[in-house]
């Protein structure tokens, strides 16, 4: 089978990038998802991978609506979860445009997917899909690897890893030929997996791992003593599976970018300062006359807001900032990964940007903080003079008697 791409297919005008609807992410991706490219989006269950794919479909349909003559179609490949078509019904009042331009197909085997793309490439002159989304691609790959491992009587990690790389190279080669012949964009939606999952002994997994009691079977702890000090990292299920190894770069070259979706917390500082007056009674004193009045200059109140983040992994070490037509190379991983904050807007049903509101902390550093590491109040407040005047705007003062021996 020929793996080459005719040069005439490359010397054409590039179509307009497909917007994700998240401004910060589009800026990193050079105005959006590029044509003739394959992207991987992975994340834990419930993070919104399918909703992200639906939003790409909606943005593509809106572009079709604006174009009077457009023969481009959208293909959604279902694996083990049906496409949420009801979201498109709510989004588009004229559902006819969805029925005419969005095609769905269900594939549950890795071999079926490979055969499907081989035939799709042969029919690329008659049927052209502008956008192809595969929801659950990693699950097809993992099931395929498990079947091969059981059929082979329990392959060693090196053998199954090399087999995984060869099969991914094969299917990504067919996908790449299709994207370059039609100018389409392929998005694969994958799960993520804990990197501690490395054993291929399916019958004895309980001896190595225990399920955390958090209501899900997602995070696990290692029971094996030699794995106790390992750091568990969430990675794409194409990488972290029973076929982990060091040669994943051989098939990652087919991906333009890898985007990880995770949850995070946005810290917001409330600048309201709470002032309290406290009287500390010495252990030798029997009355309140021996109490010393001190002022505590509170601790800033912090609120944590739940949100989502998208981490863009630049797999090929290319700097996003172009100098002319040349791409700059970067060896530092910190320079290659970009983080974008976003969340799901319930009002519009779309993913949106989050703008950080950073408070002015210029005066916060001048306030002394309260230390709780020592039981001696004289050591805690040794920098505060008891004869100072009360602070302005000291509303809601509170007097508390502390026994230094307590």
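Note that Cβ sites are derived from N, Cα and C of the backbone, with glycine treated the same way.
Between the stretches 363-384, 385-406, Swiss-Prot puts its region 'Disordered' entry on 385-406. Same-chain neighbours of the ATP site beyond 43, 44, 45, 46, 47, 48, 49, 50, judged by a C-beta within 8 angstroms of the site's C-beta center, are, in sequence order, 261.
Ranking the binding-site residues 43, 45, 46, 48 by the number of CB atoms within 10 A of their own CB puts 43 at the top. In the three-state DSSP classification, residue 46 (ATP binding site) falls within coil.
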